[in-house]
Amino acid sequence: MSIAPLLRKVFLIDLIKGLSITFKYQAPKDCQTEQYPQERPVITDRFRGQPMMKLGENGETLCIGCNLCALACPENLIAMKSDRDPVTKKKVMVTYVYDVSRCMFCGLCEEACPTQSLKLGTGYEMALYSREGMVLDRKVLEHRTAPEPYEK
């Protein structure tokens, strides 16, 4: 019997070699984890997040009540009601309800809007305690802003 295999078993040389390779990968040189919420990820312009409605220079909504966004939505999440203004004879949006709870953020409603009033913004923090909070009306959509920075 040879002494070399016996020494390998006694001093566990193969085990030590394997563990050295394992521990080399356990302590990476650069950390890939984002320290959220202290460090926010960089959001690109093409990101589709929280829906919002743009307002014009005069502070009124740009929506003309055409209902194209509701027709384009594959999940039927948008409910809109519009009436004709008796003075100007133009369609005016009366109610607008957007249910974000089932939205898949496909952007079809944004593409269908002829006035570009509906926009899927860069907000991604939409966690709530109830489903009722996910149903957004016109006032909430018009007054959406950029996400607030984290403070400890």
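Quick reminder: no glycine exception, Cβ is built from N, Cα and C everywhere.
Residues annotated as domain '4Fe-4S ferredoxin-type 1' in Swiss-Prot, with sequence analysis given as evidence: 53-83. Per-residue confidence over the domain '4Fe-4S ferredoxin-type 1' (53-83) averages 93 (mean pLDDT, predicted model).
DSSP classifies Cys113 ([4Fe-4S] cluster 1 binding site) as coil under the three-state reduction. Taking a C-beta cut-off of under 8 Å and a sequence gap of six or more, Cys113 ([4Fe-4S] cluster 1 binding site) has these contacts in its own chain: Cys63, Leu68, Cys69. Marked as [4Fe-4S] cluster 1 binding site by Swiss-Prot: Cys63, Cys66, Cys69, Cys113.
Secondary structure from DSSP puts Cys106 ([4Fe-4S] cluster 2 binding site) in coil. Residues or ranges marked as [4Fe-4S] cluster 2 binding site in Swiss-Prot (evidence: sequence analysis): Cys73, Cys103, Cys106, Cys109.
Within its own chain, the domain '4Fe-4S ferredoxin-type 2' (94-123) is flanked in space by residues 43, 45, 47-54, 61-66, 68-75, 77-83, 131, 134-138, 141, 144, 146-147, which lie at least six positions past its ends and keep a Cβ under 8 Å from the stretch. Annotation source Swiss-Prot lists domain '4Fe-4S ferredoxin-type 2' at 94-123.
Remark: Cys73 ([4Fe-4S] cluster 2 binding site) has Leu108, Cys109 as non-local neighbours, by Cβ distance under 8 Å and separation of at least 6 in sequence. When DSSP labels each residue, the domain '4Fe-4S ferredoxin-type 1' (53-83) comes out as 5 helix, 9 strand, 17 coil, counted as helix, strand and coil in that order. Taking only the Cα positions, the spacing between Cys106 ([4Fe-4S] cluster 2 binding site) and Cys66 ([4Fe-4S] cluster 1 binding site) is 20 angstrom.
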